[in-house]
Amino acid sequence: MLTQVFVTGTDTDAGKTIVSRALLQALAAQGTQAVGYKPVATGCVETAEGRCSKDVLTLQAASTIPLPYSALNVLSLAEDEPCAAPADGTLFSRMADGLATLKTQAGCVVVEGCGGWRTLLDAQHSYADWVIARQLPVILVVGIKQGGMNHALLTADAILNDGLPLLGWVANRINPCLAHYAQTISLLSSHIPAPLLGEIPYLPRPETRELGHFLDLSRVVY
């Protein structure tokens, strides 16, 4: 049974939050109590309650367990603010503690990454280092756009070379005008050594929609 999964992407705007939402909804449809967790969020805005991320709010709304914002996020960064956490491992520990707590409350925790696979969390460590230490299985979100194929293959190779299970990948059509879409999906399917779990079409305001039916979790072997 899948109890935790890490969602990474080919780059910042690949659609990790949308796919994480879809994954939470698909798990809920199977009867699994699932909760989303985005330990590090960027692009946050100041509110009366402090910094707030729309990505975290999207995961919070899609989770089957009502939990406060603070339980789903450890670090909220402003727009374009680099993550400059101390290199003493404090952030890693806080992120791990948050995950451990959520695992006691939910059947599955969907952990959404920040940026790409090698995003730096401090001067010495990347997000990948934290995922490797936790041995989390990974789902890769591929933003289907010009140049996305190279990013997808490089990221898939990096995940596998780091010794982690790549459960599958999801195609997220972020550019509706991209020509040769079907050919791109076919080529990616033949080169990424993991199953295609689904394709999310280009949709207006996908963060408000039911997306779970776009994924086929029966293709996950873990």
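Cβ coordinates are placed from backbone N, Cα and C, and glycine is handled just like the others.
Per TrEMBL, the feature ATP binding site maps to 13-18, D55, 112-115, 172-173, 201-203. The Cβ of G115 (ATP binding site) has 20 neighbouring Cβ atoms from other residues within 10 Å, across all protein chains displayed.
The C-beta environment of E112 (Mg(2+) binding site), restricted to residues of the same chain at least 6 apart in sequence and closer than 8 Å, consists of V7, K16, T17, S20, G36, Y37, K38, D55, L59. Sequence annotations record features per position, and here TrEMBL assigns Mg(2+) binding site to T17, D55, E112.
What TrEMBL records for K38 is active site. For the recorded site, K38 (active site), the DSSP three-state label reads coil.
Annotation comment: TrEMBL describes T42 as substrate binding site.
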Mg(2+) site shell beyond T17, D55, E112, criterion: Cβ within 8 Å of Cβ centroid: V7, K16, I18, S20, R21, G36, K38, A41, S53, V56, T58, L59
Candidate with sparsest Cβ neighbourhood (10 Å radius) among D13, D55, the listed binding-site residues: D13
Within 10 angstroms of T42 (substrate binding site), Cα basis - binding-site residues out of D13, G115, R173: G115
Residues that sit under 8 angstroms from R173 (ATP binding site) by C-beta distance, when 6+ apart in the chain: I144, Y181, E199, I200, P201, Y202
Other CB atoms, at most 10 A from the CB of T42 (substrate binding site): 20
DSSP-derived structure type at R173 (ATP binding site), helix or strand or else coil: coil
